Amino acid sequence: MENQVLTPHVYWAQRHRELYLRVELSDVQNPAISITENVLHFKAQGHGAKGDNVYEFHLEFLDLVKPEPVYKLTQRQVNITVQKKVSQWWERLTKQEKRPLFLAPDFDRWLDESDAEMELRAKEEERLNKLRLESEGSPETLTNLRKGYLFMYNLVQFLGFSWIFVNLTVRFCILGKESFYDTFHTVADMMYFCQMLAVVETINAAIGVTTSPVLPSLIQLLGRNFILFIIFGTMEEMQNKAVVFFVFYLWSAIEIFRYSFYMLTCIDMDWKVLTWLRYTLWIPLYPLGCLAEAVSVIQSIPIFNETGRFSFTLPYPVKIKVRFSFFLQIYLIMIFLGLYINFRHLYKQRRRRYGQKKKKIH
């Protein structure tokens, strides 16, 4: 009887320059890992889903990679890192469109790249570019333009959110609770400007100007702009509610520390107090901000029901009226789902930035 080829479970993730594969095999012995003709070959003795056996698999990559994989054995798995030949984002891992049954995305790894790692990587890239340009005798025009552009972008955002934060603070100190009810008419124009400009941040990540992951930036951009432009912007009845003050105040409180931190990073400055604030203040502010957004959605539901705005009727023969409030109720669930995902991501950022007790690997 011919022996059946056993394949282990493999999880993958990527960055612009690297591919990461996690092979679910424990107590691995005699691993044979190589890349020939752009195909990754893996064969090893280990304990997997089918017990202690020899497992193997082959993956033909979507695009060209460097033929020197780097792997690390742990007690529970094999971690493989493969360098892409061209720094770019792949739409899938393999050349064949149909994903192999043993292959799945490593969702934790897709969201784990922290700001601290990105800073170190950016600095290392900058150092290597500087050495290369010096050896070639070329000016650092592109590097300086990129740093100057990012510095100015973060400076403008910092000034915009600082104006909102200071304005709301001063008005509250002078007028007290009365300042809550005209917050929108006082600072909405500046908030519109800052949030429209935030689109650039997501574009920068998508095209590789920055090494930030696209997904967290996109989630925050879409969530905030939905609250600002749909909930507040289209409903005059919502614009004089106190919740607008709390949403705008919490957003600006978070961003003045985030953008000032990024701004100083562009000029290679590290102010430890600011760094600590950037990686700590989100712990109370981020959940409070999500809670304020949820309150604004809840308060808007009866208004949308009453006005019928954005509601529509399905065509014949169904002819069912679909209220916009139905989508708002779904959005409420998405707010708290996003809170969980981003809170977990931000916690890992902070833990990696300030270190953790290292677990002993046998």
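Note that Cβ sites are derived from N, Cα and C of the backbone, with glycine treated the same way.
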Swiss-Prot annotation, phosphoserine - which of Ser34, Ser114: Ser114
Swiss-Prot topology check: Thr210, Tyr347 same side of membrane: yes
Where Swiss-Prot places transmembrane segment among the ranges 261-279, 280-298: 280-298
Conformational class of Tyr286 (active site) under the three-state DSSP mapping: helix
Among the ranges 150-170, 186-207, 218-235, 242-256, 323-343, the one whose Cβ pairs under 8 Å to the transmembrane segment (280-298) are most numerous: 242-256
Same-chain residues near the transmembrane segment (150-170), Cβ under 8 Å, at least 6 residues beyond its ends: 179, 183, 186-187, 190-191, 193-194, 197-198, 200-201, 204, 209-210, 245, 248-249, 251-253, 255-256, 259-260, 262-263, 266-267
For the topological domain 'Cytoplasmic' (1-149), the mean pLDDT of the predicted model: 82
Residue pair Glu293 (active site), Tyr286 (active site) - Cα distance, angstrom, rounded: 11
Residues satisfying Cβ distance under 8 Å from Thr7 (phosphothreonine), sequence separation of at least 6: Tyr55, Glu56, Phe57, Pro100, Leu101, Phe102
